[in-house]
Amino acid sequence: MLHAFLPRASSVSTQNPNSAARDQKQRPHPCARSCAFPMSTPQQSWQGRVASAGAVTARPRRLRRRGSRCVTRKCLFFGAEGRRQLRAWAWRWWWRLDFSMQRVLFPPLKALMGRPCVRLLVPRATPRTQCGCSCGIKRPWRPGQYSTISEVALQSGRGTVSLPSKAAEQMVGRWLLVCSGTVAGAVILGGVTRLTESGLSMVDWHLIKEMKPPTSQEEWEAEFQKYQQFPEFKILNHDMTLAEFKFIWYMEYSHRMWGRLVGLAYILPAAYFWRKGWLSRGMKGRVLALCGLVCFQGLLGWYMVKSGLEEKPDSHDIPRVSQYRLAAHLGSALVLYCASLWTSLSLLLPQHKLPETRQLLWLRRFAHGTAGLVFLTALSGAFVAGLDAGLVYNSFPKMGESWIPEDLFTFSPTLRNVFENPTMVQFDHRLLGISSVTAVTVLYFLSQRIPLPRRTKMAAVTLLALAYTQVGLGISTLLMYVPTPLAATHQSGSLALLSAALWLMNELRRVPK
């Protein structure tokens with residue numbers, strides 16, 4: 001609301017006391033006596049009035065000439081009458097704002113209205129050559145002039161009121177934290193949908209039309225008829241009843257509706273914060289990337305489901321979605337979750353000014369590597385779920401009767417075994433899990449050897465506890481032949497472990513100079 005009255009300044013500097021005598025000799029503005037709000041002392045230059053009022057001067061960006069026409073400036077005067085009219089205009093708009101916006105704007109408005117203001121010169125690139133005030137005097141543009149605003153408005157060192165403020169950053173951080181929670185809910189719900197084999201129950205995709213579920217018996221019969229035309233019903237569920245179909249249909253429906261809720265949780269508040277000016281330039285780029293990733297995630301989900309509805313070359317192949325597309329769908333969701341959580345933690349948690357020692361540098365690098373290893377382990381779980389690799393060898397620590405099974409390299413070429421051989425996929429997931437918990441343990445002991453803040457040590461302890469809990473859940477899931485509740489808890493534990501790793505990374509981040 002205040003940007004219309006503030007100049008665009010390239011640098012801010014205080015008034016030079018050595019130039020006070022020269023400023024007194026300068027002629028006042030030629031339209032000082034004919035404007036609606038004239039200067040209180042016409043004999044005194046406006047630079048001198050700035051020095052007497054204690055304001056700060058800022059040199060505006062130089063405007064270029066356009067051909068033979070001069071670029072002029074618009075003059076605004078803030079005397080006693082000007083402040084009164086500005087205050088009346090501001091209060092008319094004040095009651096139209098919501099409470100949260102009033103809390104953000106109240107401190108700068110109170111400061112700006114309560115302190116004496118001086119004349120504000122706003123550069124304006126326009127082909128007209130007359131003054132922007134009511135006098136109508138034509139005058140050319142003279143470069144090197146100063147723009148003045150209230151001293152309170154320049155407490156942040158800028159030529160504008162500091163928006164977004166700290167309160168606005170806190171609100172944006174809380175919003176992104178809620179968004180990361182909704183993404184975590186979508187990941188958990190998607191895992192339950194995969195474990196109950198409900199992902200192929202909805203055979204078409206419509207953004208708006210499918211939001212209304214079937215209500216009558218005829219609509220359910222029509223939906224069931226569409227499902228019976230695809231391979232999953234013909235090969236696996238040929239004896240399924242309508243009641244059983246309703247269960248798997250509602251599982252997939254809830255996952256899709258939750259995904260739409262995630263999209264609204266990102267896009268609508270982002271548009272509101274953008275409109276209110278609560279996002280900085282860097283934050284705008286991040287928010288745009290997050291919203292684009294949400295839209296991409298929805299399209300990727302349908303692309304994954306489409307792979308399970310296609311006819312296989314072998315009529316006896318078990319219909320399932322492609323493990324590559326499933327991993328891409330889960331991976332993009334994890335990237336969205338990590339980006340949202342990292343940004344929210346950066347806005348909500350104050351940074352620690354840690355001494356940049358060699359030990360801290362190595363600890364920070366090791367924490368980054370550990371977080372990457374945890375992310376890779378969680379991503380490998382998508383291949384385990386996509387190939388049902390958790391049901392191949394249900395023993396631990398050995399795989400069957402040996403440490404290394406004989407059917408690791410069954411497929412040809414050899415690289416196919418890493419992504420398509422269920423035995424190799426389970427072996428890789430075991431190896432990555434053991435490597436992750438080992439790295440977390442080493443990271444914990446390294447953090448105990450360095451003097452760190454209490455919150456950083458708490459993050460390290462939390463990461464260690466979640467790592468061993470996750471290993472226990474994984475072994476229990478394997479030995480009990482992958483029950484759905486335990487497997488869903490194991491997947492939720494991977495998100496919690498990844499969150500703790502991001503928290504520790506955020507605590508150890510470098511403070512910008």
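Positions of Cβ are set from backbone N, Cα and C atoms, glycine also.
Remember, TrEMBL labels are computer predictions, not curated facts.
Annotated features, as they stand in TrEMBL:
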| type | residues | note |
| --- | --- | --- |
| REGION | 1-32 | region 'Disordered' |
| COMPBIAS | 10-21 | compositional bias 'Polar residues' |
| TRANSMEM | 257-275 | transmembrane segment |
| TRANSMEM | 287-305 | transmembrane segment |
| TRANSMEM | 325-349 | transmembrane segment |
| TRANSMEM | 370-393 | transmembrane segment |
| TRANSMEM | 429-446 | transmembrane segment |
| TRANSMEM | 458-482 | transmembrane segment |
Counting Cβ pairs closer than 8 Å, which of 287-305, 325-349, 370-393, 429-446 has the most of them with the transmembrane segment (257-275)?
287-305
What stretch of 325-349, 429-446, 458-482 shows the most Cβ pairs under 8 Å to the transmembrane segment (370-393)?
429-446
By a Cβ-Cβ criterion of under 8 Å, what residues six or more beyond either terminus of the transmembrane segment (429-446) are in contact with it?
362-363, 366-367, 369-370, 373-374, 376-377, 380-381, 383-384, 389, 399, 460-461, 463-464, 467-468, 470-471, 474, 497, 501, 504
